[in-house]
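Worksheet for the structure shown next.
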Amino acid sequence: MQIEEIQNYPANLPVLVEDELFLYPFMITPIFINDSSNMKALDLAIKNDSMLFVAPSKLENGRNFDEIYNCGVIGTIMRKVPLPDGRVKILFQGYAKGKIIEQISNKPLEAKIELIKEDFLEGTKKEALLEVLKEKVKNLANISHYFSPDLLRTIEEGFDASRICDLILNTVRIKKQVAYEFFVLTDLEQKLVKLIDLIAQEIEANKIQKEIKNKVHSRIDKVNKEYFLKEQLRQIQKELGSDTQKEDEVREYQKRLELKKKFMHEDAYKEIKKQIEKFERIHQDNSEASMIQTYIETALDIPFEKISKKKLDIKEVSKQLNHDHYALNKPKERIEEYFAVRELLEKRKIAEKDGAKVILCLYGPPGVGKTSLANSVSKALKRELIRIALGGLEDVNELRGHRRTYIGAMPGRITQGLIEAKQINPVIVLDEIDKLNRSFRGDPSAVLLEILDPEQNSKFRDYYLNFNIDLSKVIFIATANDISNIPAPLRDRMEFIELSSYTPSEKFHIMKKYLIPDELKKHGLKSNELSIDDETIELIISDYTRESGVRNLRRKVAELCRKSAKKLLLENIKKVIINTKNLNEFLDKKVFEIEKNNGENQVGQVNGLAWTSVGGDVLKVEAVKIKGKGELTLTGSLGDVMKESARIAFSMIKVLIDEGKIKIPKKIIIDPKVNVYDSYNIHIHVPDGATPKDGPSAGITISTAIASIFSDKKVKADVAMTGEIDLKGKVLPIGGLKEKLIAAYKADIKTALIPRKNYERDLKDIPSEVRDNMEIIAVDTFSDVLEYTLV
């Protein structure tokens, strides 16, 4: 069949299937045939002396019409060569694109083929698109190996847009489906635009591939260089003998581990041994080597084998507590009881987990001696004291340790404390346990449950170490300011010992016996170089500090010592004498001063007693009546609970007025037809308005102030009171009684009214100097209060 016969289409042609490529017209392509279907199609074409239609397959080895594309190339067989392996090689030259319009036969494949004719494109648009395409191909050729110089020259010199497209598509690597889409596209303008876009994508892809290859080659070169340098360094170290350093370290670690073996859990021994073996195998230049070495040294620093051999001795503990602390009789007594039990358990070889399970928690205001009591215990037992501050702690890993997968991982504070103490049975103070925070990082109180529980703490697991540590020999003492903030499960496992405020007398003795000698020593002064008389000490306590403890008092003593030291050196004198007359030369002006009772009885002004975080205080409550409609106004930064107490008090007073238990003078009555309390607005004020105040204990104080203004009777100025009130006039118990009565004593109050339940329950805890110098009266109802207060 001659090429001129290509015009006699549609025509029936044998169909040969090509698995690998899309063939294009005007190209000579070798095709290898090794299956019977293609062999039969080839034989049919040769037999009929006809052209052959070559179609690409959709699926590998697809030989049915539904497994091949319906388009392909019409061409002739230029040569047929049998191969030794049984295959046949032919050279195929394509002439035109065609598509299957009718299936004639399946064995062999034969179909009616129709020519694919592309649209005609001429003019400037064709020239412009060809120029852009040729430029893109040139750019792609510069960064890839797709185009040979001859092919690139053919494309640059060509003018047949359709043929140039076929040459490019035959050269670049594209998927069969993409090639098919180009093959059947007859709009030449659209084909050029689409091909330009394809070449642009290929350019970008090749740039990225080239960049990645360059980086990979650069990295490989760097790695090879590092390896070469490390090998050189290793040989140098070997010549210098430094290569043996690691071997010495490994031997030292193994020796230390064997010495500690019988004192640690089996899992601890296995884990440390495993890490030593890993460290021995790993190259010292490996980044993991330093992490493993840090772990080994940390684990071996834990003092498994070191334990204080000092036996528990209750007499030593008692002696030390009394030597270091004045007063605090109840806390000291309870601590002595705790260690008496531990001593018996130890002597009779009873495991603590089988005995009394108690964790002591010392609570009270700042500066009252919570931590110093624990310090005295550690001295008596000859054990190290480790303080772990829990204030603001919200990450459980701070206690349990960080897993070694994290950068900067370290053991928890408990483990660090043992390492710092250099003994496995120190005294650990868990300071400010009431200030733990719960967050998304976990609940530290849950970890503390495990640490403090005798049934669990013998196998406490630190995440960093990944083995168990025995904490059963550690003495834990917790401290807190407000036990209501401690989580309930943790609170349930503790026994609380309250350290309440010091009285002025106790502070006087503490300052004279402990603070002044201690600060003199710290400031390099001798006892005969500074003199402070008793009256001055009392003045400093009452007017220069205001706290439950003695921390600020110590600061004042330190200030006196500093200024005395300066005075001794500058003025060349032998002794500094501080008294009430020259005290203001050494300390600033008075900061605190409890308002003394002035002895003037007034209507509507009552002395209340309040509790604050720094001790007790005398709180004035003032009330006035103004013509109005029975409204109640409250000022003085009062909290919700205190406001409710005022409303309860007002309602209770109304009932007493209606019942005739509070007599109203005629001069106060505005309209006999209207209740007197509906004729006035009541304004209650608590001075020092910038300070927030709250709580129910001012109930009887507010009630007395209202009763005073309606009865027009004065309130005794030397009487103070505290107690909650209910609507029936019953006086209910309150808290903080000791601090409140101490404040009343400081203010020269002669009589204090307190709820009867507090009188029966708490009076024994009130210092004798307060009880002996002030009349303390128990009240049951508000009628009792009026009996002792109104003049």
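Backbone N, Cα and C atoms are what each Cβ position is placed from, and that goes for glycine too.
The active site annotation in Swiss-Prot covers Ser697 (among others), and the record cites sequence analysis as its basis. Around Ser697 (active site), the C-beta neighbours below 8 angstroms that are at least 6 residues distant in the chain are Gly608, Leu609, Ala610, Trp611, Thr722, Gly723, Glu724, Ile734, Gly735, Gly736.
According to Swiss-Prot, the active site annotation covers Lys740 (among others). In the three-state DSSP classification, Lys740 (active site) falls within a helix.
DSSP assigns Gly367 (ATP binding site) to coil in the three-state reduction, placing it in neither a helix nor a strand. Under the heading ATP binding site, Swiss-Prot lists Gly364, Pro365, Pro366, Gly367, Val368, Gly369, Lys370, Thr371.
The domain 'Lon N-terminal' annotation in Swiss-Prot covers 13-203, and the record cites sequence analysis as its basis.
According to Swiss-Prot, the domain 'Lon proteolytic' annotation covers 600-791, on the basis of sequence analysis.
Across the structure, Lys740 (active site) and Gly364 (ATP binding site) are spaced 15 Å apart at their Cα atoms. Here Gly367 (ATP binding site) comes close to Glu547, Ser548, Gly549, Val550, Arg551, Asn552: these same-chain residues lie at least six apart in sequence, with C-beta atoms under 8 angstroms from its C-beta.
The least crowded of the binding-site residues Gly364, Pro365, Pro366, Gly369, judged by other CB atoms within 10 A of its own CB, is Pro366. By a simple count of nearby Cβ atoms, those within 10 Å, the most crowded of the recorded positions Lys370, Lys740 is Lys740. Taking the centre of the Cβ atoms of Gly364, Pro365, Pro366, Gly367, Val368, Gly369, Lys370, Thr371 as the ATP site, the nearby residues of that chain (Cβ within 8 Å, site residues left out) are Leu362, Thr479, Leu499, Ser548, Gly549, Arg551. When secondary structure is read from DSSP and collapsed to three states, Ser697 (active site) falls in the coil class.
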